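Taken from Swiss-Prot as is:
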| type | residues | note |
| --- | --- | --- |
| TRANSMEM | 33-53 | transmembrane segment |
| TRANSMEM | 77-97 | transmembrane segment |
| TRANSMEM | 103-123 | transmembrane segment |
| TRANSMEM | 148-168 | transmembrane segment |
| TRANSMEM | 183-203 | transmembrane segment |
| TRANSMEM | 206-226 | transmembrane segment |
| TRANSMEM | 262-282 | transmembrane segment |
| TRANSMEM | 355-375 | transmembrane segment |
| TRANSMEM | 404-424 | transmembrane segment |
| TRANSMEM | 428-448 | transmembrane segment |
| TRANSMEM | 464-484 | transmembrane segment |
| TRANSMEM | 493-513 | transmembrane segment |
Amino acid sequence: MKRVLTALAATLPFAANAADAISGAVERQPTNWQAIIMFLIFVVFTLGITYWASKRVRSRSDYYTAGGNITGFQNGLAIAGDYMSAASFLGISALVFTSGYDGLIYSLGFLVGWPIILFLIAERLRNLGRYTFADVASYRLKQGPIRILSACGSLVVVALYLIAQMVGAGKLIELLFGLNYHIAVVLVGVLMMMYVLFGGMLATTWVQIIKAVLLLFGASFMAFMVMKHVGFSFNNLFSEAMAVHPKGVDIMKPGGLVKDPISALSLGLGLMFGTAGLPHILMRFFTVSDAREARKSVFYATGFMGYFYILTFIIGFGAIMLVGANPEYKDAAGHLIGGNNMAAVHLANAVGGNLFLGFISAVAFATILAVVAGLTLAGASAVSHDLYANVFKKGATEREELRVSKITVLILGVIAIILGMLFENQNIAFMVGLAFAIAASCNFPIILLSMYWSKLTTRGTMLGGWLGLITAVVLMILGPTIWVQILGHEKAIFPYEYPALFSISVAFLGIWFFSATDNSAEGARERELFRAQFIRSQTGFGVEQGRAH
């Protein structure tokens, strides 16, 4: 079926970075009833799960962490579902479609952070924390200041990520389903609030698991059909792609995406350490019963995601062959209908027809819902658990804390809908880049050093953490994306698109310097408490286990 799509889907480098954002204007398309029916089936099924989960959510632990009863395998699938976004699917396959081999290099950037989580973070995080990563950071440091900093870092990351998701959701749904942009944004916001409000982490987990299974199935089918077309020969796949691509053999050469070593290093560090500082990802490690299951979670998640990113590479090259060389998918000017981000969607039509096109469109929508639900729960827990129950009203009952959490979900949902509408025609791709930079420059150094460095003090954590956060924001504003492309200045004050190399360095140096020079009695006491923390982090003695329902 030839769909008359006339959209500009310009992808900045970070737009493929889990942004789900289609930048630029889109023209509303004819209603795609196959996609809508399949999506409605998904919604009805997941709302049924939410109803089931709501009957099992009886306590704070149930709401935040599903009672710690999720298995390692289930959590691995849920983590993959939380992390693999629609733009990982559409954006990276589009990068391969346009740039060839460079798309694979970019996709690997999302994986390199997971060994760090596996070997350095997962086990100790589970043994030291209960509901949020601030539990870990404040284990032996001053509760108030550390939780405020951690919550601010979490909320900024969640807000930026959420806006990008909502705008991307509206654009994507307008493009794929033919629905009005504002209706699409409201629909995503309302469903997101329902999942989190009534089902908590249990419903969110199962939405993410179902979405991961659907996405892996859809991508596997597309890759299988592509490989079947070339006789299951990678040599034939690459040869045919090079034969029809305008760049020819150059699509097999690396180095076209990032222009200089500093940018390459900064991008790599942002992806690697940013992943290890995303609050909605870290929160998932508290849903399992113990450190062993936390390690298994990362093992399974890395396997699922690695497999998925390999599939996007095959899908991208398949799109070069079956979509790029087919005039049916081109507009009058010879450009891909809907822009390059639609390469995977057109490929779905090419290998599976209308029905499979509807399925992939519905999966893209389901993907967005799974990601925003995880983000909303992470933001709500930062407010209710870190700020309300441990800073502003110490000793609050579980019921009071849960009430604040649910009010926060409603507020976050309404804000996300409003901002999604306000940012409709804005370039929001930079927001995800900024979210990763802040996660890498504020959250990650605090988590890592609080678990591993015995000389860390509250003073060092506060000053270094705020320095990292502020540096990331300022350098991003002064860089080419915001300063030149959005604000319209001639030349960027900070020449690199990615601030992570500099902001991470500032954070670690700041934390080290201000901790090392802290000679206060409070600092000495905090250093002495490290031994007890170390024993707990290694043994899990005293950790809250999962409960049977």
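Numbering starts at 1 and runs along the chain as displayed.
Each residue, glycine too, has its Cβ placed from N, Cα and C.
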Interface present between the transmembrane segment (103-123) and the transmembrane segment (148-168) (three or more C-beta pairs under 8 A): no
Chain residues in Cβ proximity to the transmembrane segment (404-424) (below 8 Å; excluding those fewer than six residues from its ends, i.e. six or more beyond): 63-64, 158-159, 162-163, 166-167, 169-170, 181-182, 185-186, 188-190, 192-193, 196-197, 372, 376-377, 379-381, 383-385, 388-389, 396
Positions on the same chain near the transmembrane segment (183-203), where near means CB under 8 A and six or more residues out: 43, 46-47, 49-51, 53-54, 56-57, 62-67, 165-167, 169-170, 173-174, 177, 283, 287, 368-369, 372-373, 376-377, 380, 406, 409-410, 413-414, 416-417, 420-421
Contact yes or no, the transmembrane segment (428-448) and the transmembrane segment (77-97), 3+ Cβ pairs under 8 Å, gap 6+: no
Stretch of maximal Cβ-Cβ contact with the transmembrane segment (355-375) [cut-off: under 8 Å; candidates 77-97, 206-226, 262-282]: 206-226
Tertiary contacts of the transmembrane segment (206-226) (same chain, 6+ residues out, Cβ under 8 Å): 42, 45-46, 49-50, 53, 74, 77-82, 84, 89, 195, 237, 304, 307-308, 311-312, 314-315, 317-318, 321-322, 344, 347-348, 351-352, 356, 359-360, 363, 366-367, 369-370, 373-374
Intrachain neighbours beyond the transmembrane segment (77-97), with Cβ under 8 angstroms and 6 or more residues off its ends: 9, 11, 15-21, 70, 103-104, 106-107, 110, 165, 168, 172, 205-213, 215-216, 219, 257, 275, 280-281, 284, 287, 297-298, 300-301, 304-305, 308-309, 312-313, 315-317, 319-320, 323-324, 340-345, 347, 364-365, 367-368, 370-371, 374
